[in-house]
């Protein structure tokens, strides 16, 4: 993940330039590899780069050949090779970056450019001739992005990857809405991502379930996200979602290694790149760039002999044991890390600074991920695949057991997906970016969402005695659904393992430790509503637990009160329990003996 900061229509941009660069440095942790900035008219773009694709030439901001268009991007464009080949006019690409294609797309399509992108992104583009700013965020909000204004510079508009860049110069900040594009010509936001399932959540889908289509679409999604020129790995909790991602990634990594070895044997040199250098090649052809082609064939050079997998938990945690078993089954190079409750507690202040939230669920789950990401970066890995999104798409949270009917079930999945940018996407993005690691989430692929969110929701319901949560996803990868003789994706009991929320799976003692510490620090008196109103007059969202109160106080130490409007608290639906832990839901650990395959 990179970090960006931008300001358009500043009254004195040259004077503001040093401040803008300093604001950009607030997210240097996201992009430790290089820094860049570009000023044109009264607009400045600042970029902190994490180099994963186009490592040798992709420094930003990127410029058009005439220098009139400048671009700062945070993210990855997985279909950039395809887009390069389908431009209506030839474009003289200057870099190997997957992001440069946004410039000719803008030249051809204007504010419709984001519609053509398959990836995760937030970007700001400045057109000098028109003195126009275009900003966009990916459909689900996988990359974090904010927009701000200041009463001291009323004509200016600001953009940044994180709150910490904006609150020193803005007094009005909002999360940039996913699937939208901003145009300074109209000074307005327009939704460009408009699938029917998202726009009409009360229109219940009726598509029949096709397990083969579901499986193959997800495999393509994982394949796209292996586009990289640096070492990568997978986050492996041992649960269903991360284990499926790891299984597919391992299969693709082994295939790439076989193809790479074949190329070396046939070329007679130590690497295909050496052959290109010997022939004096300085510009890669489109088919030599990292990424997928139109047949979803991946062209990436494997940079490690084995796929790395990573897990974290308290000693003896449920996830740690399951992850180690999955890693052995798949043959990944596994790194099982442990942390103590005290180490987690000691990290909380930093976690809240980086996550920019006081939501209890997010902080509980982010802390182990934050600690793990530091270890991952220390091992030289820059990119990891993760399993976020499946629980929202398929109703995997245990409270979905209480859904009254398929209509309510579907509407709740849409609501959860729509709010991912304030919850799990925010957690995955900022926990890893804090240490210069990029997290990619295959379940939130546009094509996969179109398939999975349009399935008749009666297929997703859990209230049938023979169906565990996420039944159809499990069934799609079950040996009974595969062609005869196929190699299993996962051990059977892992494929059918009950849902554990990440903050539970790392060890039940973690949440208990947080609650115990909060009980020591926050008194019953402080939790009285009138006392909270007196002590914290700027609060509008009052916590309902001592743990939540504690986190909110730490948030206030980092950020001014108006930043609280960007935070959403995650709570279960159809439940009287206010604690968001999966353990608090009554169906946790319910027996599913003989219930994994319907009809058995």
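Glycine residues also receive a Cβ, built from the backbone N, Cα and C atoms like all the rest.
Among the features that TrEMBL reports, active site, for GATase activity is placed at 2.
Marked as L-glutamine binding site by TrEMBL: 98.
Around the Cβ of residue 235 (ATP binding site), the same chain contributes 242, 309, 310, 311, 369, 372, 384, 385, 386, 387, 439, each under 8 angstroms and 6 or more positions distant in sequence. Summarising the annotation, TrEMBL assigns ATP binding site to 235, 312, 386, 387.
TrEMBL lists 268-283 with the feature compositional bias 'Polar residues'.
Its Cβ taken as reference, residue 388 (site 'Important for beta-aspartyl-AMP intermediate formation') is surrounded by 26 other Cβ atoms within 10 Å in the chains shown. Sequence annotations record features per position, and here TrEMBL assigns site 'Important for beta-aspartyl-AMP intermediate formation' to 388.
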Q. How many other Cβ atoms sit within 10 Å of the Cβ of residue 2 (active site, for GATase activity)?
A. 30
Q) Nearest to residue 312 (ATP binding site) in three-dimensional space, by Cα, is which of the recorded positions 2, 98, 388? A) 388
Q. From the Cα of residue 98 (L-glutamine binding site) across to the Cα of residue 2 (active site, for GATase activity), what is the distance in angstrom?
A. 13
Q) Looking at Cβ-Cβ distances, which residues of the chain lie under 8 angstroms from residue 98 (L-glutamine binding site) while being 6 or more apart from it? A) 53, 54, 58, 76, 77, 78, 80, 119, 227, 289, 290, 291
